Every structure is written in structure tokens, then in C-alpha cells.
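Novice: Supplied in C-alpha cells, the structure appears directly below.
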């Protein structure tokens, strides 16, 4: 939020809080779903194509692709829009226009520069809609570039340095406890199966040894 338009009443502030609590997670879910689908066609398939088709190293192709994608994104969503804003906004130069693009697409949104607020602005409504579409597309492009760089093998190795390593002794204790539980459960099952077999066996009348001796003497 730029901060140049704010709610003044208590009801407006309460509605803004409720709307933000619901809207921000859904917006993040929407952006995540869109980025995950775009990155398949923009990053993974092109890298895999050059790796399989031309036999280049996958890591080298991924680095070149990430740098090229970053350069294209900076050109299409920072340099070119900054030049356009410097022409459409009377009191903005190129640096101020580039500053607005960076502050907006990085979701900082200070609000010190807001386009379309001039008194002599032509087609204000259409201009505002175009800026909204630009910000949405630019934010998606920024997330795609960040996800592309995060998938690089070198950055994955760098991120592993900050992972919390599990203690091997704790892992062994958990494995031993799991094995003991599984062994005890198996032994309990075997004991219950033996009891069932004994219960199902037919009763056999045992003959006394005196009767057997008498039969032999006869």
C-alpha cells in the first residue's frame, strides 16, 4: 500500500483489517499457483531442452538462462516502464520513475511517488487500470525470476549452509525405538497367533499308561 489513500472511520479501518487478513493469504496462494505453472514453461522446459537437445551442461544452461531471464525482466519491467513514466508524468525524471518501479515491484510501496495524481492527467481511469495490470504482471515476473535463481544448483548448495543439521545420535535413538516397537508388536502378534492355534486344536484324550500296559500283557 502506498499510503496516500487511507480509511478514516472506525468501520473503514475494521473492514481494512478483515479484508487484509483474508485477501493477503489468497493473493499469495494465487501468485504461488501462477508462478509454479509459469516456471515450468519459462525455466524448466527450456533448460531441459538445451541440455538434452544440444548436450550442454545443465548447470551452465541454468545459469545462462537465469541471467538472461533476469536481464529481460529488468528491461521489460524496470527500464522501459521507467522511460514511459518519465514521459507521462510531468514532474518525474528517469531516476524517479525507476525508483517508483523498484519500490512498487519490491512490495515496499512507500507512497512518496504515485502515478496518475496530476491535475491535468488524461484518461486517468484507463491509466490507473494500466498501472494495476503492470504491477500485477511485474510482481509475477519478479517471483518467477527469484524462483529461477533459487533453483540453481550453486544457490541450493549455499542454502544448505544455513540448514539445521539433525543430531545423528537422536536419529539412531529414534530408529532403535522404532525397531523395538516393531519387534515387540511382531512378537505380540506371534504370541496371539499361537494362542489362537491352541484354542482351535481339537481335544485329544490321553490314554493312561496302566491301560496300555494291560493291553500289552494280554
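In case you wondered, yes, glycine gets a Cβ from its N, Cα and C as well.
The structure displayed is predicted, hence computed values, not measured ones.
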Novice: What range among 157-187, 188-218 does TrEMBL record as region 'Disordered'?
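Specialist: Of the candidate stretches, TrEMBL labels 188-218 as region 'Disordered'.
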Novice: For the transmembrane segment (97-114), which partner among 17-39, 60-85, 126-146 gives the most CB pairs under 8 Å?
Specialist: 60-85
Novice: Mean pLDDT for the domain 'Potassium channel' (74-150), rounded to an integer?
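Specialist: Result for the domain 'Potassium channel' (74-150): average pLDDT 91.
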Novice: With DSSP, how much of the domain 'Potassium channel' (1-38) is helix, how much strand and how much coil, in residues?
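Specialist: Taking each residue of the domain 'Potassium channel' (1-38) in turn, the totals are 29 helix, 0 strand, 9 coil.
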